Amino acid sequence: MTIRSDRDHGQRCRPRMSCLKKVEATVVQMQDPSTGVKGTNQKLNITTIPHAITGQDIVAWITKNMNMDNDEAQAFSTMLVAFGYIYPLQDHKKLVLRPDGSLYRFQVNKWKAEDTDYAIYLAKRNIRKKGVLDAYEQEEYNKLHKWMNHKWDFIVMQAKEQYHAGKARQKADRVVFDCQERAYWIVHRPPPQTHSAMDYGLDRHIDPNVEEKKTYDYYKRIVIYMCFMGFCSKSLFLACSLVKYMMTFKNHDPFLVPCLPRNPWQTDHDSYWELNTPDVEVPTKMRVERWSFSFYELLSDPRGRADFKVFLKKEFSGENLAFWEAAEELKWGTAASMSEKAEHIFKTFLAPGAPRWINIDGRTMGLTVKGLEHPHRYVFDAAQTHIFMLMKKDTFYRYLKSPVYKEIQKKAISPAPQFFCICIEAQLQQNMRNRRPSVSPIITWQKEQEEKAKAAAAAGPIDIKKLMASKLDRK
Amino acid sequence: MCDQTFLAITFGPCDNCSQNKPLMNIYLKNEPINYCSLCVELMACQGLAKGETTNTLKAESESLKAKLEEERAKLHDVELHQVAEKIDALGQFVMKTRRTLKGHGNKVLCMDWCRDKRRIVSSSQDGKVIVWDAYTTNKEHAVTMPCTWVMACAYAPSGCAVACGGLDNKCSVYPLSLDKNENLAAKKKSVAMHTNYLSSCSFTNSDMQILTSSGDGTCALWDVESGQLLQSFHGHSADVLSLDLAPSETGNTFVSGGCDKKANVWDMRSGQNVQSFETHESDINNVKYYPSGDAFATGSDDATCRLYDLRADREVAIYSKDSIIFGASSVDFSLSGRLLFAGYNDYTINVWDVLKGTRVAILFGHENRVSTVRVSPDGTAFCSGSWDNTLRVSAYLRSSGESELRNILYNTV
């Protein structure tokens, strides 16, 4: 009976640990007698350990031969220790590499990491001296004793044999062997509350080692789906467009150019966020500049969208954006309210004589009307794309040249970069206390919904007939 | 996003069965046809036609693949880094950890930022999902899931709910409440149901829809309110580990990466796989769109990250180094897309210059593998979650190209 523990080092889906092959190649190089890491005999307690290497030698060798700098080499050598290729002689439980005179050795022996072998190892240690096991080891021992009760005689026999074989060795060899064995089990059966490098997470559902049995329908599907035409453009054009995007946004990237007045994470002052809330009265110059980069940027910033709406109101062409927003709501909204929303949109924007009629070409209108026979969430997709392109190619550019935009550009503030002195401990403490909690997004959301409802009620379509009728009535 | 507006009929009567269904636009013998997904499947499983054998079909598919490669190669005239030669190189960056969030009792598997740029939600192996205000490091909400290994978590765009899932094969949505004492598990909504573990989930542009990917090899789009399956996406032949929604204005596509080494781009409306990329040598752990939506990056167990251009339909850059041997578990772009942050299984985070393909920074500090890296919505910092039970928020400190005066002025100890 094999016990499948969460540390199943059988690793049936092995490719995820394939990096270990490259690591092993490096370790073999390190062990080369002429070009590898230089080892010496070290005195430990009363015995001499051969081929011991120091931490700093390991790091130096890796820095030179693997073309890394010091920090990286240290991190890499810690991985070597964590995976058990090198083990520490002092402080054997801590699997990190100390880049000083601490001693390490290469792990040359390979045991099997099965539960049976672990049981034999623990039993052997128990035989040598009762009570030498750590608390967690004792617990594991008891567990294994219960699970493997049927094999226990075999295990004890093996343990006794190995113990006697060990006794027959030279003292120095025995110490070295015991050290290696102990190091091996620290890696493969780590103490609780420690982080183990051998842990690779969950197994994949589908075993990548198994070749997928490819029947005719597999190939048929490839043939069918491969026949789509992708749109390809010349690489130069595409590479340039990627570069152009990066250059356009370069000044807005806090990792490349510091954000003004100051980065809240660096300085514990959230003035940057205060100045850039979604509903701020006066936006910053950077934000206003960003709206001019593309229509998408303008619409995705709530403050930008609000400003655009002001412009549209002046032009009496707010229905395009209103239709686009309504179609977005339909697309991303709940399934339950979908068909009534679709009806409402059609009545408000598309039906002949609708109060907020939008101008779309005949073909699109035909497609949309046909789609409305069986309303689904993408029924206004064609019309929405048409209107979006119209706004993008025409209205957006007029907005950028309009007095509304020019005014907001003038009004926009440019916060001065705030300098702060090199901080001492007291300043840091004060900064930490200065960190203000913010309004919960739930409250912000509720407020937004209330404002939207108010705006919708106010901007309802004005029914001219009713208005005239009421005027006539008063007469 | 490409400026072409092509009116594809995505819903209507199928050319074959005449039922009104979401349609796939495919070409058969160079003729465009609109079939529903069921008819396409039937066509594929029809059985061998006269004169066809598995080998002839295999040969046909190979020749089509070769032809596609030929077409792509014709348009490939220059490499990305050649174009980038004229651009100034970035100096060596130094990043500093600004916040360490301790509170999880086990490996942190996933995290997501809230749109308010300071709150995050994180999930761990022991089933706990915690909502933090990362700026003040306060924990605001905590939920205990009934399963372990919560591999996916997402913050809703409104900030009023979180979604999470893992070994329970489900994705559940928890509405957050202002009342600290309220038990969030009482209002939980079970939305997605898969037949294997949930690897990744994401809200679309609203709180009402969720996109999930699972170990059973499929992705799916769900309606939150009713739990109804809106669309499913089949095409991966192994576990799907990650997905990301396109940020473009039309917002109708998403990319997914899986253990079959493939990254697939899907149309959300029809469920069709519109593009597929297979150049990695091992499992793809994470996929992320470039901020403009024209490209995406992947991180994989073969220790490389790659950039794929959607319009060129090919891989345009590889981010790798001989000294990096351990797999990349998570990738994300900075706001301008110039920097690519990648978390690796050797406990480090490498920062790459996307244009030049060089590494500009390496961060140490985590004591176990980095499982997730995400840049904040306004790009001011990035958060990394690790198997050492902590999350760290790090921001830029200085770079080697800057003057000493600037270093002093913008520096903290």
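Yeah, the Cβs are placed from backbone N, Cα and C, and that goes for glycine too.
The shown structure was predicted, so the numbers you read here are calculated from the model rather than taken from an experiment.
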Task: Examine the ranges B:54-81, B:278-305 and name the one recorded by TrEMBL as coiled coil.
output: B:54-81
Message: If you count every Cβ pair below 8 Å, which range out of B:191-232, B:330-362, B:363-393 shares the most with the repeat 'WD' (B:277-318)?
response: B:330-362
Query: Who are the chain neighbours of the repeat 'WD' (B:101-142) in space, where the CB to CB distance is under 8 Å and they lie at least 6 residues beyond its ends?
result: 148-155, 157, 159, 162, 164, 166, 174, 176, 184, 200, 368, 371-372, 374, 376-378, 380, 383, 385-393
Statement: Per the Cβ filter (under 8 Å) with a sequence gap of at least 6 from its ends, the repeat 'WD' (B:233-276) is approached by 1, 10-11, 22-26, 37, 196, 199-200, 202, 204-205, 211-221, 282-289, 291-293, 296, 298, 300, 308, 310, 313
Task: Sort the residues of the repeat 'WD' (B:277-318) into helix, strand and coil with DSSP and give the three counts.
output: 0 helix, 23 strand, 19 coil
Contact set, same chain, for the repeat 'WD' (B:330-362): CB under 8 Å, 6 or more residues outside the stretch: 80-81, 83-84, 87, 89-95, 285-292, 297-299, 303, 305, 307, 317-319, 321, 324, 368-375, 378-379, 382, 384, 386, 394, 399
